[in-house]
Structures are given as structure tokens and as C-alpha cells.
């Protein structure tokens, strides 16, 4: 969810340290956004402006009046909201997505219905999409590709661990935020977005990243996401998609029958390690791919280490890159283009762009679809987890032997898809078949299993569970193995994970009271995770709580989630006026380090005592330094002897010594006046800048 569109076609310039990088923004049309803009949804969300309109829903910027923050509200189109089954899926999958929490995922805050509007409330992320970046800069550097893929896979890994399949990994769903974060969006909605109710352009845009098993079997699991991620990685490295065509049937056919070539066939500077990862993740047989996003992420990071150990990547001479940062969620990216440029995320919001498939295909040039085998004797590094190329070639040979048979089946199915006839609608033997075993499967996999077996998905009921991960089937009705007629409905009971409970307010409580409130509310507390810092609050007072990952506590959390406390150590000890030794010892007793950084004269503070103190961090925690300035005592200066000197000479001498001079000699006598004495007298030590009175005698 990104920032407001400005209308029309706009080209914005983002200036960095090297040059100016231009990103093309495309506005999106809305049938009638005025009916929603200004509306208060569910008594909480005030709609402000249009962001984008897609095939399934329209997205608006809104203000959450309760929490006083900007959010993105996605409202399902009326013709889809009228479909009870579609609306139920929209709400169910929104709830599943809301349980996914990770810095690289767009957070889902809320969902509901209001006077016929089915809506979802999401995190508002100003920025651009990966598609925008690829559209304007063709291809990315190796460093950029690793940064973006690391972030995408880190977020996707969380979903896969909970049995959730994204189903729509593509550059349009990767957001590059203004503040440098990289986020994967539209979790749990891809199945609905690619249903028969979606527009052809949305379907075509997705086919470019479609896994072979979705084409040939209509089923998907987490490894289907891996295939899509591999295609997206290919596009970032090579500057174009591996398969292109004007008709979706042609693209889908090639996904089902061709082996994705290594990106180095198009761009020779792509490292071998990334070639191997792309090939592994885009194997046609799901069994030959990484098991999930966690496996692909581990291989990516190993490849990054191998590239670094090998002396770095081969960067094209016309590209520039920025150093790789340690946190994938906050990395800034460099752009490879016709001129050396460095790209940073813009400081202002950009349009939310949902690219149509035609624009996606037109933005990438054609290339010969030739698979070049690796040189003889090639073997990837064992620790990378990538299968040897020889195994890939052996699988290719096996696949070629049966390609004629597979091609005939795929062509028949794709013709049916193109004409709007589902291939499964032609199956109806009329006989009873045993219902499939569904307990323990992810919801998406269970639904795919039901339809693949010739049955229909009935009611899907959510049920809290501490044992079964969110999104996984607890049981089905009928149970697995029961004889059913074709097209019979099978109901699913799917885990919604632990209960969502209200988080107690702990700020201002003493530590023991806060712990009791946390545990009584149904959450876990681990004293080893506590943090302490100095503050104006009394020692032992809880300043605030955080989640186990260190983020601010939301209003609600899942049951038994861990909550951490940040507890006050009291104020930083005041050591002003103490001797240097006492001050350092006092600070050390509090866990702080006193460091003398300067000294200064003082009329009031004795020499050697601490004149002032200052902190170097905010907040101050144990182990931090406290800077001390010690006193040199008063700045005393000896009054010079000017007795017998002409008045003007005496004044100059006293002023150069740092004193101010007073006298009562008229101006017409000053040239003949001689100093008789001074007050204070010559030789006395007084404060620098003090006043010295001059008494004179006048000679005629």
C-alpha cells in the first residue's frame, strides 16, 4: 500500500549523490471514487484519497481516527462483494494475513464489512514498486538483486512456516518504501485475484510468474512461491522475463514445458552462484526446488558469502552500486542503467502502480530461449545446497522423452482455459470416491487437494488452536476416507492460531505489577529479555513494553506471545560539585563510565571538582559514557605595576592584562596625568576581567 497518485502520467526525479534517477509513475483510473472518498468506514476509518484501482479492489488512503495514523484501506469491488463465497474468502484470507508479522511484510491491521463494503485495513507504505524500478532501469545489479530477494524471502519464510502460500509473487507486489524498507504485499489475496472473476489483464500479469504445476494440475504449495520468486530473480538479473508472448496460453505453455535458462545467457556478468540458485528454484518438478522460502533464503545467503569470498561480483562497467547493508529490511539500492547512477528511495510518496500485463511484456526485449549446459566438470559449492548441474541435465533428458505426451495434455488444458472452460469441469465419472485426508495441510493446499479430487470446498470455519499453526487444517467434515459423490462439498476447520488478546497497559507500573498483569492477560514473560535504561522515573518503574522482536506493543497480540519490559534505572547520578575521583566512582557504581573531556575556570566550583556533566546517548543505558568537565578554579591574574606611567599607557597595560579600567581624569588632563597608584594595588591577584581603579597626579 503506497502513496496517493497524482493523476495522468508523471515522471519524478530522485536526486542522489551521483546523478538524477527518474522513475515513471502511472496513474490509475477509478470508476467513481467520489462515492467512497470522505466516507467514514465502520465509524473509524476516514477515507481521504484514492491510491489505486485493481481488478479485485480499490485502495484508498485513510485516517484511523482511533489510533491517529494513516492507513491503506482496500475495498472489494461491488460485483465481487455480492458474491458470498468470494466475500467469505476475502475476509478469511485477510484474517490469515493479519497473523503474519515481519518487517518485510505489509501488515494487515483490520478487516470487516460496513453497509455492504468488504474492506481490509493495511499498513500504509509510501514508496514505489519493484516493477517501477525495473520498468525505468531494465535490470538491477547483483547487490540490489540479493538485497531485494533477501528481504522478500525473509518475509515469505514467515508465511511458509505457518502453511500459507502467497500465490502471487511478482515485482508489482514488492514495495520499496521511501525510508529504505523492502516489503512483500498482497498476502493471501492471490487466489482470489486469479479466480475466474478477475480481469484478463490481472491474470496475464500473473502468468509470467506461474509455476508449472498450476498450469498442469491446478494445485499449488509453498514451492510454487519458490518458482515465482526464481522467475522474479531472473528478471532482476537479466533485465527481462524468461518467457514472453502476446497470449497467456503461450507463456503458460512454456512454463509447463521449458526449462528456465540461467540469467547469465542474457547477462554474462551474472555470478555462477546466482545462476545456480535461479535454476534450482525454477525446476519444473516442485520436488527438485528448495522446500520453502527458508531453504531458498539460506541458499541465497550462502551464495552471497561465496561471491564475496571469490573476490566480489562482476559488475558491468556502466553500473554503480552501494555497499550491502546488514539489514535486508533497510537496505538502499543502486541502479544499473545507461549512465552510472545510484538510486535511493524517494523522500516523497509515489503512485501505487498495478501494471497491466501488456505493459509488463512490452518493457522487456526478446531473447533466444536456448538452454546452454554448464561446462563439463562444473559442480557448485556443496554448502550452498544447490543440486549439481548434471542432475538438472539428467532431469531435462527425462522430461524431453515424455515432452510430447505432456505437451498434448497441456495444449488441451490451455485451450480450455483460454475459452473460459475449466479443465476440471470435464471430469465427472459419477462414481463415489474416498474423501482426501486433509488434517495437517495448509488451507490453500487442502482446498487444492479437494478440487483436484473432484470435490468442492464447502464452509471454512476458523478455530483457535495453540497446537496447530495458523492456516493449517485441524479437521474436515466428512473425515478423510469417507466415500463421497463427485462435486460433494467438504467443510474445513482451519486453525486461526492462538486467540488474539488485549495487551495490558504496563507503563508506569512497577516491574512486579507489570509482570503479573502480563501473565494474567494470557501472555508470556521472560525476565532474561528485560531492558533497563536511565530516566526521570523512579528505579523499578516500567517505562514501556515491547514485543519479543523489540517493536512497540500493539493493542492486541496472540495468546502466549512473549512481552518484554523496559524498566527505569532512575535518573543518571548527579555528580556536579564532586571531586573527579568521587564522581567517577559514583558513576561506576551505577554502571556508567565517567570520562573527563574538558576543564574550565569557575568562580564558584573549587579546582578539581566536576563543573558539569553530559550524556552521549539517548536513552542512557548501563555501560554508556558520561562526559565530565572539571573546574580549574577561578581565573586569577596579577595586577601589573603601572605607578608613575602616563595614564594612557597605564590603561593600555591594564586592559591587555584582561582588566577593565576606571578613572576620574577629565579628557583635557589625560595627556599630562601620571599614575599615582591602583586599586587593587600592583601585585595583587584578582579575577580576570575585574575592574581596576587608577588614581593619578597631574604635573604642570
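Cβ atoms are placed via backbone N, Cα and C, with glycine included.
Across the residues of the domain 'Protein kinase' (45-300), the predicted structure has a mean pLDDT of 87. Per TrEMBL, the feature domain 'Protein kinase' maps to 45-300.
Taken from TrEMBL, the feature domain 'PASTA' covers 433-496 (among others).
What TrEMBL records for 570-632 (among others) is domain 'PASTA'.
The domain 'PASTA' annotation in TrEMBL covers 633-698 (among others). Counted with DSSP, the domain 'PASTA' (633-698) comes out as 13 helix, 25 strand, 28 coil.
Look at TrEMBL and you will find 405-424 tagged as transmembrane segment.
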(message) Considering only Cβ pairs within less than 8 angstroms, which of the stretches 45-300, 570-632, 633-698 has the most against the domain 'PASTA' (433-496)?
(response) 45-300
